[in-house]
């Protein structure tokens, strides 16, 4: 069994999560909070959404993993994110950071850089534009959406991973997962996923749930398994679910995640190592 095969044994990963039932605290935005909570539950985790700086450190201390999502950032929320992330680091809990909209405004860029400077981030999750902005390159981010074209996103994600010493997931038409040593391209998903507000938010907590629930998994293992599982669930929902458009497709997607017990396709066949640092 290759390293990639082992990392993307989706049935084993889902079994681990089902056994562990990891509690994941999400400090997330008020636009997609319900979707983030539901998909945590559907993967087999337990969601909690504490975001008050007065208690979030105590909640994260009892949790198995933590997501910080910058979707709706304000002064109080910024402090809660730092408190939550610090508690995750102190408890050696997996920490996923989703720097939503970084590069769109100076405030978001400052907050994202503060989180990366002050916290030990397990997995950094963003779209192509956000990851490009954090790598210090020119990015086209409009609001919280990536609207540019990023032909060199694998190189950019690898550079970002090396700069911030973390695992990077750069989501888009093709997804890139990069550690400081190597980058993988993942081909999985469906165009309808891009028509749902909050897909990236749901991916972020998916990564946190996999990182918290998979037994003996490295951050790269969790990022690969979570990203390819998320994409394959999107494909399965499109092919087998009942829907009439984006809204009903989202329901079909969540139903598919809830019922997923094994990969509907060969996960390793969807992953290609595209860069390696020797």
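In case you wondered, yes, glycine gets a Cβ from its N, Cα and C as well.
Per Swiss-Prot, the features are as follows:
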- 49, 198: substrate binding site (BINDING)
- 125, 171: ATP binding site (BINDING)
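The C-beta environment of residue 49 (substrate binding site), restricted to residues of the same chain at least 6 apart in sequence and closer than 8 Å, consists of 25, 26, 27, 28, 33, 36, 37. The most densely surrounded of the binding-site residues 125, 171 is 125 (count of other Cβ atoms within 10 A of its Cβ). There are 20 other Cβ atoms within 10 Å of the Cβ belonging to residue 198 (substrate binding site). It is 13 Å from the Cα atom of residue 125 (ATP binding site) to that of residue 198 (substrate binding site).
On a Cα basis, residue 198 (substrate binding site) lies 13 Å away from residue 171 (ATP binding site).
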